[in-house]
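Taken from TrEMBL as is:
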COMPBIAS  449-460  compositional bias 'Basic and acidic residues'
REGION    446-476  region 'Disordered'
REGION    500-545  region 'Disordered'
TRANSMEM  23-44  transmembrane segment
TRANSMEM  64-86  transmembrane segment
TRANSMEM  93-110  transmembrane segment
TRANSMEM  116-142  transmembrane segment
TRANSMEM  154-172  transmembrane segment
TRANSMEM  217-239  transmembrane segment
TRANSMEM  260-287  transmembrane segment
TRANSMEM  331-349  transmembrane segment
TRANSMEM  355-377  transmembrane segment
TRANSMEM  389-407  transmembrane segment
TRANSMEM  419-439  transmembrane segment
Amino acid sequence: AAAGAAGAAGGGWRCGRCADGAALRWCISGTLCASFLGLGMSIAVLGPTFPTLAANVGKNVSDIYYIFVGRSLGSLGGSVLGGVLLDCMNATLLLAFSMLGTAAGLYVIPWCNQSLLLTILMSVIGGSMGILDTGGNVLALYTWGSEAGPHLQALHFSFAAGAFLAPMVAQMDLGSSKSEELAGAEKTNQSVLKSVPTASAASTTPAPNDHRSESFLWSYIFIGTYILLVSIFFFVLFSKSSSAKDKSKASAQKDRLAKYHWPLVGLLFVFFLFYVGAEVTYGSYVYTHAMVFAEMKESEAAALNSVFWGAFAACRGAAIFGAAFLSPATMIVMSLLCSAASSVALAFFSHFRAALWVGSAVYGASMATIFPSGIAWIEQYTVVEGKTASLFVVGAALGEMCIPVAVGYLQGRYHHVPVVMYTAFVTSMVTALLFPAMYKLANWPQQRDSQEVSDRETRKTLLSNSRLTEDEEEEEHVREWNDADFEVVEMNDELKNSLMDTSHRIPGDSPAVQPHLDNALGDPPVVADGFPGRQNGSIDWEKSE
């Protein structure tokens, strides 16, 4: 009874630990989603407040474009630095410090009146965001492992929701429809880190008045305070489980690296470069394309842009539940097929308004799940550490920086060519060809290894069967000898009974007969000299016969 009570107590303690571990994992996932919500707001708030920032430093809007370059370079450096630091320190602590740095930068920006200082602050904030983007994906993989798919989708949906809320936060203070339009044009990348403003949006924005200059700072203070609170939650999680990262990393290291780990990572790097570049390019230039090539009004072009990002955000929200039932590979294939079909419609039939509206919605929805699904997919085949995840973020950031710039340059030279739509078509074809190559590379060593394992098991089975056959033959041989022994024993018993009957018929029952009888039955008497069958003064049985 005491042992049963102790076992029940031990089982209850283990159940309590499992419940605590599950609650901790959900707390980490919730805090990560909250941090990515703040990340989206931090990036998107720059659009509506951009004119006021230019006025604070005494510059025109077109003269401070380099703050975006500074933020992008800071983001790239932060992604690389975050990948290195994630492999040597606790992930929750690293994210706590990155959120703290972002909050400090947001607090200082409204009072910055030097363009150089503003650029440095943007670079620091970009670095903190790069660390958060890399570390958030890695921590989600560390925490949930093979179950990370829905949580990664929730993570990136939170980013999109933050980018959607930021213009509203700024609008409460600025109260300007112009800034709202700028925010719609500025809300570009909702999968990685940064946003690229369009030249047309920047050049048409009027200079802010004094009321806006005084009030816009509350947007940064509000978002900075929110991010500060999230950083406190990360510090609390670090105090509760300081070794969570090390344990998760140790469990991840148990998995075997893919045979072609780095070629696979390189292909996914290029895949994300084209995917994110296409996403940002379309989101940045679809407004201009609608006005120039489709001859839409400004309100219609803005609505078309909203349809693209609305479908993008809605599909990311639906993907949280879809990832629980569909594998990452299935979600990627579905997204690539929809992307290819919609890009064909946009590239060759965009002069029809219906094709432009439907194609933009489908294209936005198809782009929503690729980035988180890609990270969840590669985690099934190899270990995703900090350095690996940083390469993915860097590839996405490079695509976001390079492809829109190239498209803008080409569109400026070839005014009558819809370069944006052709770019969507080409990038869709490239990604559609890259993923089968990655899938084949990821599975081919596994198929070969499974064949080798199957061959080894076959050889082992044959050897074990051979050993079993030899053992069965040996057992059969032993059984035959045992049967022979039993026959000998039976013959001895019959001989003994026959001799006993003969001895009873001999008169006198001579005592000398008994030793010779025992000798004949196989039980000879042992004498002093050690030789059986010989005794002093005895008569040989055969001679007496």
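Just so you know, glycine gets a Cβ as well, placed from its N, Cα and C.
Residues 28-29, 32, 35-36, 39, 42-43, 53, 56-57, 64, 66-68, 70-83, 85-86, 91-92, 94-95, 98-99, 101-102, 105-106, 108-109, 148, 151-152, 155, 192-194, 244-245, 248-249, 252, 372, 375-376, 379, 384-386, 389-390, 392-393, 397 of the same chain lie 6+ residues outside the transmembrane segment (116-142) yet bring a C-beta within less than 8 angstroms of a C-beta in it.
Fewer than three CB pairs closer than 8 A are found between the transmembrane segment (389-407) and the transmembrane segment (331-349), and contact between the two stretches is not assigned (pairs 6 or more residues apart). A contact between the transmembrane segment (154-172) and the transmembrane segment (23-44) is present, since 3 or more of their C-beta pairs, 6 or more residues apart, lie under 8 Å.
Note on the transmembrane segment (217-239): residues 24, 27-28, 31, 34-35, 38, 41-42, 45, 48-49, 90, 92-93, 95-97, 99-100, 102-104, 106-107, 109-111, 166, 169-170, 172-174 of its chain, located 6 or more positions outside it, place their CB under 8 angstroms from a CB of the stretch.
Against the transmembrane segment (93-110), stretch 23-44 shows more Cβ pairs under 8 Å than any other of 23-44, 260-287, 331-349, 419-439.
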